[in-house]
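To start, the structure under review is shown below, and the notes come after it.
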Amino acid sequence: MAKIIFIEHNGTRHEVEAKPGLTVMEAARDNGVPGIDADCGGACACSTCHAYVDPAWVDKLPKALPTETDMIDFAYEPNPATSRLTCQIKVTSLLDGLVVHLPEKQI
C-alpha cells in the first residue's frame, strides 16, 4: 500500500492508503476524497480529476503522455509545471507519501 495525501484548496488534508495498480484518481474516489469528480471514469477524456502534484514529487512521476497534456489544457487553472490528471498516475510503492493539491474546482 502507498499513502497518498490529498490537500483540498481550503487546506483540508486527506491521507488514504492506495493499493498498487490503482490510479491516484481511483484511490481518491474509493476513499471519498472531495474534489476529484472523474466524470469520464478514468478514460483521459475529461479534466475533472485534475490536481497539482507537489513540486517535490514532480520529477518522481512518469512523464505525462501527449493525450494527458492535451486534456490538461481544459482543466481549471492548469499549471504546466505541476498539473496532472490523477487518472493517469498509477500507484506503486514508489509513490508512498505522494502529495497532490486539489484545485478550487473542476470544470
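Just so it is clear, glycine is given a Cβ too, placed from its N, Cα and C backbone atoms.
Per Swiss-Prot, the features are:
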BINDING   C40, C46, C49, C87  [2Fe-2S] cluster binding site
DOMAIN    2-106  domain '2Fe-2S ferredoxin-type'
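Each residue of the domain '2Fe-2S ferredoxin-type' (2-106) gets a DSSP state, and the totals for helix, strand and coil are 23 helix, 27 strand, 55 coil. Same-chain residues at least 6 positions away in sequence with a Cβ under 8 Å from that of C40 ([2Fe-2S] cluster binding site) are, in sequence order, C46, T48, C87. Least crowded of the binding-site residues (C46, C49), judged by neighbouring Cβ atoms within 10 Å of its own Cβ: C46.
Averaged across the domain '2Fe-2S ferredoxin-type' (2-106), pLDDT for the predicted model comes to 98. Within 8 A of the CB centroid of the [2Fe-2S] cluster site residues C40, C46, C49, C87, the other residues of that chain are M25, D37, A38, D39, G41, G42, A43, C44, A45, S47, T48, M71, L85. All protein chains included, C87 ([2Fe-2S] cluster binding site) registers 27 other Cβ atoms within 10 Å of its own Cβ.
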